[in-house]
């Protein structure tokens, strides 16, 4: 990146030595008064109060004492002819002497010919000069950039409201000399070299031109080997073709190397500068510069014989040209310091003129238009694609319209209308349309009135009608009946009239040059503004500035994402585009993986040092994008593996490596995975475990057997691997294979980059924030202070500031020279709550906006006119101001400015009053940990501790579930004695066991098709027990056995819960209060009469109870098969028995009997269970085959026909059983309806669920079947 400034500096030095004095002021004191010596006839005006020319010179007191028009309105102007083209550097004004007439603001216009004026602009806007406050004082203005012109026009905009327009003026500058050539479109100028071939490593070409034609070649040169350089106008834009030794591309078929400018066929002077050093090129048109690198094999430009200017003559064919010639004027043409036009004037032998007219200090008329019946040339830059000419006839009103294509392209278009009797011919751009025959046979007269651009407001419909809105654009060269119309006469009121338009001036503006749509956004415009189409750019906003994607996987994780492919934009709104990566969020790290195009094991044979094998890796993005990912990460790695048989790797210990890899800087690296940079070794060499201790890599032992060297490359400055080269697989029985894994990184160095400000006078300072056209600022903050400045950067008058102005308000203030703008976002809640809050402020040429958290965004449109560059020059202050007032107290993190990351922590290490880091992330983000997970602080962020949760994953949201078969049992053994309630330590457990009331918090999810089933059984040391089971009819029961005599049974039978659907059960008891909740809806509450207490729990069993624990007969029936189905997220107080069995089986006090298979209940629920489970058994209730036995499954598939026949038979049998079951169900339903009326519910049961829940305090409930 540093090469670009060095290149520009070199160009500046080189160009300053070759630039001709005619292109700048002829002396350093270019401030001579130019109007004081002019005759009165040099002054003219739109009108004059005296009726004669008033010499409105500065300080003049004679006569009228200056100039005043007849009427003071916006159409007036004062003009002076300076006699010749001069350099103008300043102007001054006074009011009219001895009067109350003066101008308070005005604009300037310049011209070389007295026609086709150009308005003076600064910052791409028509500039308004501040005028006078009285009639005598002088207001002097130095022009920001000098203007070269002969005519100057002062245009009053505002004046003293108590008087009239009155002016006395002066213009300052100096003489200007130049050499000008006038090309008539049929000629060219040849500059022939002294030798046959001219080869240059550096070139500087400069010129100024003006033209009325949109196409034409300005200069051209080429060599026989394919080198060429051509500059030409194409549709009003300058295209530069440049190629070095590239014979494949020729001018006729190649695309331009660079294109700049727009509307350059406006007959105004435009400057061109081309600077080349080798392949690096700077191409400048007016004030816009494009840097590019040209194609070619060498750095030299070889041109044969000559350069041609104004056209490309065909050798051997005099007067014949290859492309359209340039028509216009070229001034001060220099080629590598040689003044080409001066050589032509002095008739030097190097110059050959092909039918050209040359002048010195003379500009000829460039326009010749053949007479047409009615002709008008139009330039349009609006969205209206219909251009209309309206002709008012004496007999009838006749409207004829022609629809063109792309007429709103800003180019000049010619229109000709020929009306003869009943036939009208309309010609657009010399392409005649088919004549339209009028069938009414009425005679058409041209009438005596013509309206161009629209109809006056005072006309009736019968006189003129505007079918669409008025024309916006420019017209010139208007002919009626073959006679040109003098628009100056219209302006002076002697011919026709006009309103709301500029005469002798085309003020159309290409608002898409430069293109302020960022990141490839497509620009379009209306007459007053531009628009950006951001589709297919990966960016959004009014100027396509804001990225659609987050900066890293860390941010996606912060939003709740876990794993998958994502696009990340490491520099946000910066120049780098988004890159597709794979994010894998684990419990302790967030991995970012970037795949390349060759991750498979690749075999190599036949490679030698003379004929090496190499493979380039494509990561789907630029090396700059990959570097941004690596540099913003804490750690990166890439696994490399080399499998070898008689193929040496690094040729250790001292040989030249046979294999190496290329990194980001295109440097080759002779070390392998597991070894540090600079050490020509493999991992086994560092660990001293290689096959041959004489070598530092296994493959360097050159064995006949296959071996390998595998390890991780982790030096970030060398990653990623972009290429691998292998040179030792051409010997007998020599073979190798390589595999390079994806680039993997973790840790976002910037998302958690935070600092703490603990004094109001403290701040961090950074270099000036350069954001002339577009600025975005984003960060997080937290504070308890009432107010404070987050950020401030000042200029001479411009500034930008972000602050918390009150506990509930964030203020964004900015001034670009048009006065300060303030945006305020008010929060309904306090923002100084010591929680993290997000702020994003943006300013561009279209809108200024402020966003705080997810509150509504405040925005304000930017003014189209006036200053628009944000010019700052002070240091950037973060956390305070330059005055050390209103400092911020609190924390700021993840500060980004226009995509650039500011390292706050590094700067805070050397700044007093500021500490690196900021604790307390869990207070803001603790809610992201679910299902009992605990938020744990880290230095950079936080993580979710899922130890006491039945779930796992980065947010404790991933269920842990298992498939139980018949007889499967999971028993968790508690320590003796173990209190039910979790305490802080084992020593304190005994205290709480006696003093605190016992409780149970049980949660589980299940899915089954088997009844009866035993889901959970808890046994205490005092023979108390708690059982959760499904009855034969699919209802759920909870058994509390507090003694042999006291058993409580709670039954929920709103549906058959063995319906192959997921169900969620929660049981909470504390003391006497019991709550049972089913599927997040059904809720049962009950109060035990005596106080229930489990003093110590002995074991907890999921599925079949294998020991004889004295369970009652009803539980024994359910325990016949245990549980057949899927259990998930099982938790008892802080214990997760299923998680312990699947994740910590070797260290947890868990006993597993039978087959326990980890499975996802959620995914099984999504399957069509009816299709999968036509017949289920106790061993496989869901009909799943064993995926671990593919061979067995394949054999089973051979019996598909037999199985199909059996399935049909079973289906018929089940159908018969189903019909009989339906009959018995209806019979029992009628019997139940008679019984349910007699049932009474406890008074403490929630009345809203009495119709859905059956509560029984008897152990005989399973013997009864009730259907609700």
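Just so it is clear, glycine is given a Cβ too, placed from its N, Cα and C backbone atoms.
Curation does not apply to TrEMBL; its annotations are automatic.
Annotation source TrEMBL lists signal peptide at 1-24.
As annotated by TrEMBL, domain 'F5/8 type C' applies to 30-174.
The annotation domain 'Laminin G' is assigned in TrEMBL to 180-376 (among others).
Residues or ranges marked as domain 'Laminin G' by TrEMBL: 356-506 (among others).
Through the fold, the domain 'EGF-like' (508-545) approaches residues 261-263, 288, 379, 381-383, 410, 472-474, 567, 569, 573, 575, 577-578, 773-774, 776, 842, 844-847, 864 of its own chain, all at least 6 residues removed from its boundaries and within a Cβ separation under 8 Å. What TrEMBL records for 508-545 (among others) is domain 'EGF-like'.
Broken down with DSSP, the domain 'Fibrinogen C-terminal' (544-596) shows 6 helix, 21 strand, 26 coil. Annotation comment: TrEMBL describes 544-596 as domain 'Fibrinogen C-terminal'.
Annotation source TrEMBL lists domain 'Laminin G' at 753-918 (among others).
Annotation source TrEMBL lists disulfide bond at 891-918.
Same-chain residues lying 6+ beyond the ends of the domain 'EGF-like' (919-957) with a Cβ under 8 Å from its Cβ atoms: 554, 557-558, 560, 562, 585-588, 590, 634, 747-748, 751-752, 782, 834-836, 891, 1003, 1129-1131, 1134, 1136, 1138-1139, 1143. Taken from TrEMBL, the feature domain 'EGF-like' applies to 919-957 (among others).
What TrEMBL lists as domain 'Laminin G' is 968-1161 (among others).
Among the features that TrEMBL reports, transmembrane segment is placed at 1200-1225.
Sequence-distant residue pairs (6 or more apart) of the domain 'F5/8 type C' (30-174) and the domain 'Laminin G' (753-918) include at least 3 whose Cβ atoms are under 8 Å, placing the two stretches in contact. For the domain 'EGF-like' (919-957), residue counts in helix, strand and coil come to 7 helix, 12 strand, 20 coil, using DSSP.
For the domain 'F5/8 type C' (30-174), the DSSP counts in helix, strand and coil order read 3 helix, 70 strand, 72 coil. Contacts of residue 918 (disulfide bond) defined by a Cβ separation under 8 A and a same-chain sequence distance of 6+ are given as 754, 755, 756, 782, 891, 893, in order along the sequence. Around the Cβ of residue 891 (disulfide bond), a 10 Å sphere holds 23 further Cβ atoms from the protein chains shown.
As a whole-number mean, the pLDDT of the domain 'EGF-like' (919-957) in this prediction is 87.
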